[in-house]
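Can you keep this structure in mind? I'll have questions shortly.
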Amino acid sequence: MAGWRGSRGGGDAASSEDRIASSQTVRLGKVKPQALGHRTIFCNDRDANLHTKFKANSVSTTKYDIFTFLPKGLFEQFRRVANLYFLMISILSCTPVSPVSPITNVIPLTLVLLVSLIKEAWEDWKRFQNDLSINNSTVEVLHDWSWVPTPWKQLQVGDIIRVNQDGFFPADLIFLASTNPDGVCYVETANLDGETNLKIRKAPERTWDFVSPNKVSEFKGEVQCEQPNNSLYTFTGNLIINKQILPLSPNQLLLRGCSLRNTEYIVGAVVFTGHETKVMMNSMKIPSKRSTLEKKLDKLILALFSVLFCMSLLGSIGSGIFINRKYYYLRFDRSMAQFDPDSRFVVAILTFFTHITLYSPIIPISLYVSVEMIKFIQSTQFINNDLRMYDAESNTPALARTSNLNEELGQVEYIFSDKTGTLTRNLMEFFKCSIGGEVYGTGVSEIETGMAQRTGVKFDAQKQSSATHEKGFNFDDARLIGGAWRNEPNPDSCKEFFRCLAICHTVLPEGDESPERIRYQAASPDEAALVVAAKNFGFFFFRRTPTMIFIRESHADKMGKVQDVPYEILNALEFNSTRKRQSVVCRYPDGRLVLYCKGADTVIYERLADGNPDLKRMSREHLEQFGASGLRTLCLAYKNLKPDVYESWNEKYIHAKSALRDREKKLDEVAELIEKDLNLIGCTAIEDKLQEGVPACIETLSRAGIKIWVLTGDKMETAINIAYGSEGDQIELARYMKEMVKNELKSCHDEAEKYLHMDSGPKLALIIDGKCLMYALDPSLRGMLLNFSLNCTAVVCCRVSPLQKAQVTSLVKKGANRITLSIGDGANDVSMIQAAHVGVGISGQEGMQAVMASDFSIAQFRFLTDLLLVHGRWSYHRICKVVTYFFYKNLTFTLTQFWFTFETGFSGQRFYDDWLQSLYNVIFTALPVIIIGLFDKDVSAVLSKKYPELYKEGVRNAFFKWRVVYTWAFFAVYQSLILYYFVVASSKRAINSSGKLFGLWDVSTMAFTCVIVTVNLRLLMMSNTVTRWHHISVGGSILFWFIFVFIYSGVPLPNKEQQNIYFVIYVLMSTFYFYLTLILVPVAALFCDFVYMGVQRWFFPYDYQIIQEIHRHEDDTSRIGLLEVGQSQLSPDEARSYAVMQLPGQKSRHTGFAFDSPGYESFFASQAGVCVPQKAWDVARRASMRSKPKTPRTPRTPRTPQRN
């Protein structure tokens, strides 16, 4: 220890950054520096810790500060290519080559940037307020022999603090003492990982009495521990008191953000503060994801820029050719380089930039803002407030944690799903067991029932009528209940089996010490189910101390005898994903030493003693039988220990537990020394039932063309098992297995190819386990695995690690270039969720880690049907329409300016007034496209799920292919020609009321009016659902144009440019020509579109159009506005009570956010016949409904409440 212990005098230490990275150097001073990778802390001695500049405890989660907000905020905005493009256009518009006023480009860009920066500032301000509140929270700190309330931000490393019940830990603490006499406390880590199960933490025995201020003030200890890191579940350190070394583990660490439960108060020493706490070092952003459609949108923007470049290049070449001295009457100004006939090349170059500025509206500045607004409302108002995805049992609604991927939900082709807690309920029930080679439990599992129904096999449905039911226990066999096991041929094995269940665990008992009222807090539902099973078998675990477990044993020694037996827990070898087993060493009251072990069959069988081949074989058969029934299995074993053997091993265990380097590895190595030569007792079988609606959901998703892969760490007996020996060289074994996997994979691939070429070949399924997958994912075999698996209807990967889950997901995502979705509920699913295009977390029994890493969260797997087939499909349709419509309307508008260029000698003369050009996107055509992005609906939610095949259009990306873009481009060119040449040609003979011919600004204003009317009417033509909002937005946009132009051209302004169109609209509207043109030109422009849409619908229809025709005479009874409401199972009174009383203003106990349903009061009130004032959202809801057919008038009767 002397080699790396720091002296009490402290010294010059590295900066905080140096301390985090152990590989960096440490500045030397007069005293011995801390060793790399470790830190030394002097408890209750601030002066000694001063020389080591530990970080303060104040935290900041803000993105900006007052100095970096503007530069950093602008940098973030200009990282977007579109904003950078418009910045370039704004700069160009300030140069002499620009034909438009700079203000018309600068103001829209400034508004867009201002809105974005205000949003960023508001979000950062809320983060700052939250940080301020947290940093100023108080905790009691030991100062001058008393507890002094101190703000969190003033805490320092080494301080001794007291945290009261239900309080939060302000920093990472070493647990020293608690008010509980056994030195334990109960911690809730819900803020850390979402788990509500209480965790037990145990203080070192040496410090149990450090409770009072007087006693703890005498404490002067030294903590030597690891440097700050982000590993939540590991900690290595030693506490040195009076030269006595006490090993510290995660059981003595209390993490910041966790809260104290069921304990009056605890005393602890601060070890990590502020941004060095584990929770803060884990506060990284989830990897940002962009939807596939958004990436294709970038390509479309590049295509538009290419068109812009070509148009400008053509104009510049034309300008260089056109400019000539023979056009002397144009009076070229040779002092301006752009109009000097002697410098044609310079003229072409300058005119190129002029045209770039002139045609800049071809790329709409409002596109990204509009799409983001639409996606945000889709997420917050549609997905989050959908009652069909609300789980009443857990009071959990669906939650869109990001709005970037809404349309991606409509294109998913592969779903990667976890099994436990995702497809199943993760509510474990002890169902069957095998003891001494005998199977117990006569119940029929859910999987067996389903298999029997599919194969037509009949079974006795009354079999389970006598089963004992309790949460976690659904066992039916009288041979083991009520002490009847004593009459079995193997009573000693039964006794060891029950004791193993009752002793080998980490469960905490709560409440009264009676079988009926006790509650168990377990780290996993499996552990709780096993302890509940032991209780029902007569071995009732009712009390735990740090060193003892108390079991109330019934009928153990003789029938009818009940006794409380204390077992001393000497060592606990904990479960982890590497060990896959858990062991305890206990001492019986008579001094007998026993090791109890439970774990996966693969690891237990490897550690069994020789002998009992029949028991091993029969138990293996029972394990396979349980696995085929869909049950989760564990093997139980024990070993009697000799005192001298145990003492020798315990010394090694204590040494490994005190190690500061590679502690986990050394503990595993020591555990291997004693976990061998075990005696098999039997095995357990736990049922985890499928969630409600899972089979129907999977069938519906399969019909939608979505392939579901199950990636699970569970055992699956139908998986491919490649036997391998445990002897011989490991490298040769690996080569041998790789060759076997390669050969097996190749033979399966060839067989699959043969079936695929058959007309009616069987459906193929691939089942592979983690060991085989490890070799199949080798780069040399990866391609074959991918090709084979893509041809299979179903793929099951069992016994796979979290990393392998992510690898399989990435294999399909990148190798096959298909849209993928991963869904899971546990921390082991996080890597898979983040690897997929879309990650969905289920807020289930395993905490909220998966939800916190996901893009969308739901409470049940069956809600995927609504999330994908309804919301995903609608979002995809709507966003595709929004993007293609933006492309069309901007190309149409810009091309009218382009055609005008041919009549101006390519000089760059503008056709439209500057303000008209700038406000075209921002005002005159902005609202209708948002409305179609929110309310357009090709078929109802009911039909979307009734015909899941409609979803395949999204998988094929049928609505955003280049063919669709080219079609829109064709009609944009056609309409621009009609709009420009029809207006120009008709105006040549038109005269105003004064008898004068129309000038440039008269013609351009007429053309602009026709463009506004045409593109807005075209939006109505492409709408599947024309609601009241469509009429309001389209009519309002056209009306706003007239209001604007009346004011703009009628009120004199101090603006020379405005003089061009002064009084123009009044002159135009005084002529018959205006009204005739306003009717005929849009009709002519849209006629070709109308014919195309008719031909396409009748002869080349999309799937959704066929469904529309089938159900065109049916009313859309689904009430869909800003909320999706299912009324089929609820009466109006029930629905009102269900939605109004439960949902608004309540907090989900799992998610921590409010579930709001705006405007829903009046809807349910109308259902109940109560008059309540309507709200804006209700108007939106009713506007989205198809009007009912009118019925003949009947004589008026006394008024009764009517449904809308």
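Here the Cβ of each residue, glycine as well, is placed from N, Cα and C on the backbone.
According to TrEMBL:
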type: COMPBIAS; residues: 1-12; note: compositional bias 'Gly residues'
type: DOMAIN; residues: 41-105; note: domain 'P-type ATPase N-terminal'
type: TRANSMEM; residues: 300-323; note: transmembrane segment
type: TRANSMEM; residues: 343-369; note: transmembrane segment
type: ACT_SITE; residues: Asp418; note: active site, 4-aspartylphosphate intermediate
type: TRANSMEM; residues: 922-943; note: transmembrane segment
type: TRANSMEM; residues: 964-983; note: transmembrane segment
type: TRANSMEM; residues: 1003-1020; note: transmembrane segment
type: TRANSMEM; residues: 1032-1051; note: transmembrane segment
type: TRANSMEM; residues: 1063-1092; note: transmembrane segment
Looking at Cβ-Cβ distances, which residues of the chain lie under 8 angstroms from Asp418 (active site, 4-aspartylphosphate intermediate) while being 6 or more apart from it?
Val710, Leu711, Thr712, Lys805, Ile823, Gly824, Asp825, Gly826, Asn828, Asp829, Met832
Cβ under 8 Å, sequence separation of at least 6 from the ends of the transmembrane segment (1003-1020): give me the contacting residues as numbers and ranges.
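Cβ under 8 Å, 6 or more out: 885, 888-889, 892-893, 896, 911-913, 916, 920, 924-925, 928-929, 932, 975, 979-980, 983-984, 987, 1026, 1030, 1034, 1037-1038, 1041, 1045, 1049, 1061, 1064-1065, 1068, 1074, 1077-1078, 1081-1082, 1085-1086, 1089.
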For the transmembrane segment (1063-1092), find every same-chain residue at least 6 residues outside the stretch whose CB is under 8 Å from a CB in it, and list them.
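Same-chain contacts beyond the ends: 967, 971, 974-975, 978-979, 982-983, 986-987, 990-993, 998, 1001-1002, 1005-1006, 1009-1010, 1013-1014, 1017-1018, 1021, 1042, 1045-1046, 1049-1050.
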With the transmembrane segment (922-943) as the reference, which stretch in 300-323, 343-369, 964-983 has the largest tally of C-beta pairs below 8 Å?
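Going through each listed stretch, the top one turns out to be 343-369.
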Run through the domain 'P-type ATPase N-terminal' (41-105) and tell me, per DSSP, how many residues are helix, strand and coil.
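Helix/strand/coil tally for the domain 'P-type ATPase N-terminal' (41-105): 31 helix, 2 strand, 32 coil.
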Would you mind giving the whole-number mean pLDDT across the domain 'P-type ATPase N-terminal' (41-105)?
84
